[in-house]
Amino acid sequence: MSTIAEIKREKLFIVPEPVATRAEAPAKESLQSSLRRNRAAVGLVFFLHGLCFASWASRIPTIQANLHLTSSALGAVLFALPAGFFISLPFAGWLVGRLGSKRVVIVAAVLYSLALVCVGASSTVLALVCCLFCFGFFANLLNISINTQAVVVERLYQQKLMATFHGLWSLAGFTGAAMGTWMMAHAVPPAHHYILICVIFLLVIGTCAFYLVSQDDVAGEKLPLFALPDRALISLGLIAFCSMIAEGAMFDWSGVYFSNVVHVDASYTGLGYTTFMIAMAGMRFVADRFSARFGLTRILQVSGLLTTVGLLIVVLFPSLLPSLAGFFLIGMGVSSVVPLVFSAAGKSKTLSPGVAIAAVSSLGFMGMLIGPPIIGFIAEATSLRMSFLALLVLSVSVVVLSSVRARSASGAE
């Protein structure tokens, strides 16, 4: 046992904890708490964006019936939404660079939710077209600005988060579709449905506004309205283009494929789309961890391979269970491409995050826009199975472009 004298001697040699260390601990904890709030706010806006869009999509049949639109007339009217989306692309990056992504998120979110209410209240075809154009315009304005916020949060966290944010958007799609189904079952008018969504949106965005990241590296800079992307951004855009053609084909043609090729009962035609969406949403919640471990190039290559294998199964074995397995693999394949490409674009060394994401989004969105019609043209000339087989060229292109991009990057270094 130690004597009292020994204990006293030991106490003399105890090194006191530095004052700076004790002072830094609360500051570090406060910073981490602030980052968690930033992350939660950005995630909530992603969820609200998806909820708002899914709420619109779920009530299209009701709006068509209310305005007595034929299928061809509805198709023409629906074109107003992607038109607004596409027109906003150059303005979105420019506004984010000039005003900062936080301001643009807040303003775009308010206008986006109000545009949804106007869509539901439209009593004429002309009013619906105008409101859908505005809805698409503000939807993309919010899309570019909140993705820019996500890039900033990733940088502050020093951790990959983009795919998880996009997973929340996909999860909101299920929530919005379920709400829309309930509203239709209880004969709730679209205007009342959309007012409820708008109120929820405004209440949550009012809270999130306090916790979005305030500082953008380029906010306030005099940026050009149009800026040419460099080779690295073009390669990312082409990867997004190829992947989003396949994604758009799944959205628009999965039900038709299950009806006309797999020959399932009418009540089961949505199984392919549901399976695809479940795989896509689920994979997005783990893609960030895989990307951090294996790297962007490897994940993009595997994504292209999964899509390729899924398409081969769907085309070669057009029966229920193999087709479901194929659609599941396709969902896994396309799930990570867009969020990871956006994240990489946001780290561009030549353009601001907002402008870079807008440039890549422009190419990707063109794929989403032209993909479904091209599938239709090929199906008309040959068959729907052959049109899905043609998508293999694009899924293989994702693998090739990812490999070429990686070699170019290593060569530049």
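Cβ atoms are placed via backbone N, Cα and C, with glycine included.
Unlike curated entries, TrEMBL annotations are predicted automatically.
Pulled from TrEMBL:
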- 40-57: transmembrane segment (TRANSMEM)
- 77-97: transmembrane segment (TRANSMEM)
- 104-120: transmembrane segment (TRANSMEM)
- 126-146: transmembrane segment (TRANSMEM)
- 167-185: transmembrane segment (TRANSMEM)
- 191-213: transmembrane segment (TRANSMEM)
- 225-246: transmembrane segment (TRANSMEM)
- 232-413: domain 'Major facilitator superfamily (MFS) profile' (DOMAIN)
- 266-287: transmembrane segment (TRANSMEM)
- 299-318: transmembrane segment (TRANSMEM)
- 324-342: transmembrane segment (TRANSMEM)
- 354-378: transmembrane segment (TRANSMEM)
- 384-404: transmembrane segment (TRANSMEM)
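Spatially, the transmembrane segment (266-287) is not adjacent to the transmembrane segment (354-378); fewer than three Cβ-Cβ distances between them are under 8 Å for residues at least 6 apart in sequence. A contact between the transmembrane segment (384-404) and the transmembrane segment (126-146) is absent, since fewer than 3 of their C-beta pairs, 6 or more residues apart, lie under 8 Å. By the Cβ criterion (under 8 Å, sequence separation of 6 or more), the transmembrane segment (225-246) is in contact with the transmembrane segment (354-378), since 3+ such pairs are found.
Highest Cβ pair count under 8 Å relative to the transmembrane segment (167-185), across stretches 104-120, 191-213, 299-318, 324-342, 354-378: 191-213. Away from its own ends, the transmembrane segment (299-318) comes close to residues 239, 243, 246, 257, 261-262, 287, 290-291, 325-337, 340-341, 385, 388-389, 391-392, 395-399, 402-403 of its chain (Cβ-Cβ under 8 Å, at least six residues beyond either end). With a cut-off of 8 Å between Cβ atoms, the residues of this chain six or more beyond the transmembrane segment (354-378) that come close are 82, 85-86, 89-90, 92-97, 101, 104, 140, 143-145, 147-148, 151, 216, 218, 223, 227, 229, 233-234, 236-238, 240-249, 251-253, 338, 341-342, 345-346, 348, 384, 386-388, 390-391.
Put simply, of 104-120, 126-146, 191-213, the stretch with the most CB pairs closer than 8 A to the transmembrane segment (40-57) is 191-213. Take the transmembrane segment (104-120) and the stretches 126-146, 191-213, 324-342: counting Cβ pairs under 8 Å, 126-146 has the most.
Residues 42, 45-46, 49, 52-53, 56, 63, 67, 77-78, 80-89, 91-93, 95-96, 101, 104-105, 108-109, 111-112, 115-116, 118-119, 354, 357-358, 361 of the same chain lie 6 or more positions beyond the ends of the transmembrane segment (126-146) yet place their CB under 8 Å from a CB of it.
Averaged across the domain 'Major facilitator superfamily (MFS) profile' (232-413), pLDDT for the predicted model comes to 87.
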